[in-house]
Every structure is written in structure tokens, then in C-alpha cells.
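So that you can see what the record holds, here are the features copied from TrEMBL:
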type: DOMAIN; residues: 8-103; note: domain 'Pyrroline-5-carboxylate reductase catalytic N-terminal'
type: BINDING; residues: LEU11, GLY12, CYS13, GLY14, THR15, MET16; note: NADP(+) binding site
type: BINDING; residues: ASN60; note: NADPH binding site
type: DOMAIN; residues: 171-273; note: domain 'Pyrroline-5-carboxylate reductase dimerisation'
Amino acid sequence: MLDGPRSLCVLGCGTMGEAIVAGVLRAGWLPRENIVVTARREAVAERLRTRLGVAATTDNLAACEAAEVVLVCLKPQRFADILDTPKMRAALAGKLLISIAAGVNLDKLARWLPQTALVRAMPNTPSLIGEGMTVVCRLPAETANAANDEQLGLALRIFASVGECLEVEAKLMDAVTGLNGSGPAFVYVMLEAMADGGVMMGLPRDVALTMAAHVFRGAAAMVLDTDMHPAALKDQVTTPAGCTIAGILTMEDGRIRSVLARTVQEAAKVAAKLG
Ligand SMILES: NC(=O)c1ccc[n+]([C@@H]2O[C@H](COP(=O)([O-])OP(=O)(O)OC[C@H]3O[C@@H](n4cnc5c(N)ncnc54)[C@H](OP(=O)(O)O)[C@@H]3O)[C@@H](O)[C@H]2O)c1
């Protein structure tokens, strides 16, 4: 049944960890008895046992010793304490570790865990509803910590359980964090602002929000499904002297393109300093 791991440990099973485990269980390629998750507090471990039906413990080391693949979903501030210890180095030697932490780059992980194959991944919160986008990377093949194709495939399989995936070069991960990790929050702001415009012109708030959300979903699907450039799609709906081009010129007056592009740039710069 499996060409994946025989056992998966999720270290620090909070919001993202739980979403990923739930997705893997939904996808059905890994039995729940092959998964162990960890938490800082026993009460949380108990809640995870009930909610996910998997083993849960507060003993990170024992969980890592028992698993073949470790998915680290801890906050970046916890990484050094938990991973940079001689016992953890031994527990993870020869295994695959996948980290989703913002700002913790592969070079740093490689210094802590010199004998562990590494994959870094940046999912986003729509993963919670199976609509995520996860971008992964690994170190070059000649590097000691490089994940092989099978290990990368395994990481992709995990994240494919909660949405779409793609691979980029490791040096691009801060940009990925700024666009893919932070991106949903930027879209929420844009979506709310457009709904505000509808409210200003008399729409009830709930109607305006529903409409705005579907506009984003529909427009995104047009880009993905037609493979047309957004500019071409925009040109299709701008009648000469019409209302849409009038709205677009107002956006351009507000320098919306540079504001949004700089938003991603700024988020990426901050992401680079997080680890
Ligand atoms: N949320 C996002 O949009 C997003 C997107 C991409 C990547 N990420 C990355 O994903 C990671 C997790 O984010 P999150 O939003 O899922 O955070 P979260 O909900 O806070 O999850 C982290 C979990 O780790 C647990 N933890 C803390 N110390 C621990 C310990 N010593 N042993 C075991 N577990 C411990 C926390 O438990 P307590 O609450 O008890 O401390 C919490 O349940 C972060 O590194 C973040 O950068 C997040």
C-alpha cells in the first residue's frame, strides 16, 4: 500500500501540523497507527488523540526515535532547543526531516543535523481546508543533507494531501514565504476592502463579502484553468469607456501594483530575518 513512510512523526502538532495530519488521514495513504504527533502539554496531546485518532506524546525525542520521517511544525523559536541536541542528532541520523518553519533555512538545519536528509516546505493556511499551496526545496544533490528523489516525493505526497505543491531552489524560500505563506492574509485585506466598496454603495455586508470572496475564487480559477495571462483576462472585460476600465484606472492612481508587489517584497525581507 505504501511507497511512503512506514512511520511519520509530527513535532509540534499545532494549527498547521493538525491540518496536515488531517489531510494525510483523509487522503488515506498512511494508516493512523503509523502516525505519532507531539505537543508541549499533556492536555493538548490528549486533545490530539481524540481529534485525530493518532498517538500523541509530549516526548519529542522518543517520538523521533520511533519514526522514519519527521515533519517539524514547531514555531521557529523552539527549533534550536528541540533539534540542536546530541540525542536528537542521533535520533534523526539517516532519516528524512521536513520543516515548515518560516525563516529556518536548510543550511542552519544541516549544521544541527549533519546526518539527516532535509526538505524545507512552506505551506499556507488554506491547507486547513485542503486548498493549500506548498512550496518545497532541498539542498543540492552533492550535499550531505540532500534529500533524494524518493524522499522529496514523499514530502510532496504529504503536502499534496492538503493542496497543490511545487519545488523551487532553496535560495528562493524567503520570496516564497512572502508570497505563498503570507499571501492569504494580503488577499483577505484586498477582499475586505472590495467588500467595503460594495457596502459603501449600499450592499449588505454579508452579501458584499460573499460576492468579493467568489470574485477572488473565480478570478483565480480563470488564471489557473485558462492558462491566460491576467492582463489578457483583464483586457477581455474592459469595454471602452466602460465601468471596469474606470475602476482599474482608480486602482492605478492608488499605485496598487507597486503597493502589492512591495508588500510581498517586505514580507520576504522580514521572513529572511525570522530564523
Ligand atoms: N500558520 C501559517 O500560516 C504558517 C504557514 C506556513 C508555515 N508556518 C510555520 O508552521 C509552524 C507552525 O505554525 P502554526 O501556526 O501551526 O503554530 P502553532 O499552532 O503554534 O503550532 C506549534 C505547536 O508546537 C507546540 N509546541 C511548542 N513547544 C513544543 C515542544 N517543546 N514540544 C512539542 N510541541 C511544542 C505548540 O504547543 P503550545 O501551544 O502548547 O506551545 C503548538 O501546538 C511555524 O514554524 C510557522 O512558521 C505557518
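Numbers here mean position along the shown chain, with the first residue as 1.
Each Cβ is built from the backbone N, Cα and C atoms, and glycine gets one as well.
Just so you know, TrEMBL annotations are computer predictions that nobody has curated.
Sequence features annotated in TrEMBL and their locations in the structure.
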residue : record               : DSSP class
LEU11   : NADP(+) binding site : strand
MET16   : NADP(+) binding site : helix
ASN60   : NADPH binding site   : helix
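In this view, the densest Cβ surroundings among the binding-site residues LEU11, CYS13, MET16 belong to CYS13, judged by other Cβ atoms lying within 10 Å. Once Cβ contacts within 10 Å are tallied over all protein chains shown, the binding-site residues GLY12, GLY14 are led by GLY12.
For the NADP(+) site, the Cβ centre of LEU11, GLY12, CYS13, GLY14, THR15, MET16 serves as reference, and the other residues of the chain with Cβ at most 8 Å from it are VAL10, GLY17, GLU18, VAL37, CYS73, LEU74.
Taking a C-beta cut-off of under 8 Å and a sequence gap of six or more, the residue listed as 'NADPH binding site' has these contacts in its own chain: LEU11, THR38, ILE82, MET88.
Within the same chain, residues at least six positions away from THR15 (NADP(+) binding site) with a Cβ under 8 Å of its Cβ are THR125, LEU128.
Across the domain 'Pyrroline-5-carboxylate reductase dimerisation' (171-273), the DSSP tally of helix, strand and coil residues reads 87 helix, 0 strand, 16 coil.
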